[in-house]
């Protein structure tokens, strides 16, 4: 579960039920204390409503024949989106615009997103009339109509139809239908070794789509090739590991190497989320990669490079780092932060000025030749260097991976070098 998730510790079910009396009849006493009957759809619905009201001041209607969203899982996804948009937790609170594809009757992602992040606004699409109507009620009853706009999706429209206009967005999110048919749902239920720990109340419109979730998200990938930088990050949740493999293969086939994967775990339920971008923003490995060895082949390239310092003295290493940066032409320190156990420096570079080839090229250039440049060259690389017990480089912006890796190698060699005698 995400480290910022409120539900890393289970709620006090009895106290929750006392504050939300409709939940009281579903309290079950166990050897480990009070819990609820997770196989009762009424119990799950009242639990969800109680948590939303207690923790987010949200009043939400949940129809009995539509999906009842598990709040910890949904919160995991929202928190990961926050990490994607501000991976170093340093950006000012600027307006953020998101698109929720298939928002459902609960409209859960926009409601949670707006409560968690006051600067967020949403367009939420929904194709099912009953779910659309209920989502409209939930937005209105929580007075969020100025921040959440509901869009009635049509079958013939692109999935990412809100991007057809002139507006740009910061992210898309989606919890697509898992299955390709009712038969697949029944087969999946029969193949489970144990009965599910929680009941599923979803309608066919929420659970079934031609080709299942894999086809749905791969269609999103195809559509995103047209919209590209009209959205900073395209994302989706996935319920099957095979679907994650399919989507990663689709991204790679379309030469999209700037992507991210996370794992969303709630109890015995494991989901994945994937995001991809056509921009030059880069995410640290802590946001874009997971350490599950069985998924290693699906992971995106590293954007974080670490070099151990060994027994080197921290103060000496910091001095050498500063000297290396100041001696490297074209490097600009954009910010610096000192914490008790680390120093973090933000850097920008206009190009490779540190390699032997770059230095030879400069020596061969005619004296005083500036190529008649009257404006500063564009920034080609932004990264963050952190010195603690190790030297850590995080790629922040740029399109040239070789440039980032070359810079890391150059600075690492300088910091690790022995003083000349």
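All positions are counted from 1 along the displayed chain.
Glycine too: its Cβ is placed from the backbone N, Cα and C atoms.
Whatever TrEMBL says is automated annotation, not expert-curated.
Your range for region 'Disordered', going by TrEMBL and the list 336-356, 357-377, 378-398, is 357-377. Around residue 102 (S-adenosyl-L-methionine binding site), taking its Cβ as the centre, 22 other Cβ atoms fall within 10 Å, counting all chains. Residues near residue 126 (S-adenosyl-L-methionine binding site) in space but far in sequence (CB under 8 A, at least 6 apart, same chain), listed by position: 102, 103, 104, 132, 135, 150, 151, 152, 153.
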